[in-house]
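Q: Next up is a structure, given as structure tokens.
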Amino acid sequence: MDIDTDDSLGENSSNDGTGMKKVPTYIRLISKNGLSHLYYSSVTQTSGMPSLRELFRIGHGPSSSHTMGPSNAAKMFKSLYDAEADNYTVILYGSLAATGKGHLTDVAIENELKPKKVTFIWRPNETLTFHVNGMTIKAMKGEKEIGQETYYSVGGGAIVTDSELEKIEGPYQKTFVQVYNYSTMNSIMRWCRKTGYKLSDFVYQSEGDSIRDYLQQVWDTMSKCVESGLQGRGVLQGGLNLPRKAHDMFRAAKRSNERNAYLFAYTLAVSENNAGGETVVTAPTCGACGIVPGVLYFLRHHTDDVTDEDVIDALAVAGVIGNITKVNASISGAEAGCQAEVGTACAMAAGAATFLMGGSTEQIEYAASMAIEHMLGLTCDPVKGLVQVPCIERNAMAAGRALECAQYALMTSTFHIISFDEVIMTMILTGEDIEDSLRETSKAGLAQTYNLDELARKQRINEIKSRLTGKNQEGSINLQWGDQKDDAPKLDTKIELAQSASSDIFE
């Protein structure tokens, strides 16, 4: 990785009214694949951040990048061509094609473009240059194409079009309506120290009081999702036959009064609802949507003196953490692995929990830093492309980690070597080094190995059946598993053999 310090923007320095100068001196980090990132070494940055409305999006699961994003793209395209088109062709590339069936990408697009006919072309082995989540929609009148656009789902339900990219000179920079003047944790913390305000105040000062109403809507949606998810029974759709566990976990929690069991139940409830395609809030994504509501619902109902108003403030704090990560790094599993999704959600929940526990801005930053730092390198390898395994349990584990980070930050000195700004830069650089097969393509990792035991059992049963009459001199049957004779069962009768085969099937 090459490092180049650049002071050329210094002439654009300005004063923000709090006595602070914006000095956008930065270090340009060039990763091994040639991508360029700006790491701002100053305490402030000029690019700012968008509204939390762009981070906390209310919609249907199971995936913000593979369900919400394509749905938004289809809706946008339909508004341009639906009056003339009588059918549509949709080409899905890269990760959208590789895991689109499991993420209900085609269903989401069809729902937006109905009642017109939609023809899908799946190209999982072809990735467009700008982003792995690419899709082209063509408006057709009969067999004649009357218009097309290429969209990129860049995470959290957000989309970028080829038409937008063509207007940009030079490297692409994330564009948005700027609501916040700062976009690094260091700059925001300094603002808090200068003004005496909290992180939640930074949100209200920047967005106005209307953001409180929106965050209340977000919290209401999260709470309803927890409560409905706790009632869910049966198995999740998609073919894995994964049973819902939130209901039983909640019952076990009430019997044992084990606090972690409550936390797990609330988090599982949201994640399982998401996997079922129900209404959730991206926090920051659908795949990681259980962590923040799980932690906040737990603290709201199992901690004295935490009110709904407190939770709204905590959501504002979580939003700042998620927004910083979204702008400066990534919240997309297809772009940077699960560290970008669950890692970011864990940091958001850790910061929110620290706030509710009375922590300072410095302690909030510390907890958020730890949450991502210890998830660096986490891959995104969903089995069968479904947001189920390992996603649902990973949400529950990350919720527990978030509370641990909050407690750790509150009980120790806030001195630490790696800042939040540094750790999210590390995260995006690490994400670029993760193989594409481990970034939401379901080509490797757990997605590749999840059925090895099943295949081995089937192979073993077939071997047993084929050797029913092959006895050795001692009168027992010796079977081999691969080349390992010691692993073979030694059975004396056909009855024992049948019982072994049966147990192998159903264990």
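Residue positions begin at 1 at the first shown residue.
Cβ from N, Cα, C; glycine included.
Any TrEMBL annotation is an automated prediction that lacks curation.
Quantities reported herein were computed from a predicted structural model and do not represent experimental measurements.
According to TrEMBL, the record shows the following:
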- 51-110: domain 'Serine dehydratase beta chain' (DOMAIN)
- 119-163: domain 'Serine dehydratase beta chain' (DOMAIN)
- 207-447: domain 'Serine dehydratase-like alpha subunit' (DOMAIN)
Q: Note the mean pLDDT of the domain 'Serine dehydratase beta chain' (119-163), expressed as a whole number.
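A: On average, pLDDT over the domain 'Serine dehydratase beta chain' (119-163) sits at 93.
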Q: Cβ under 8 Å, sequence separation of at least 6 from the ends of the domain 'Serine dehydratase beta chain' (119-163): give me the contacting residues as numbers and ranges.
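A: The answer is 54-55, 57, 59, 64-66, 68-70, 72-74, 76-77, 80-82, 84-98, 100, 106, 109, 172, 282, 284-285, 326, 330-335, 340, 436, 439-441.
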Q: Could you give the number of helix, strand and coil residues in the domain 'Serine dehydratase beta chain' (119-163) as assigned by DSSP?
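A: Result for the domain 'Serine dehydratase beta chain' (119-163), in helix, strand, coil order: 2 helix, 29 strand, 14 coil.
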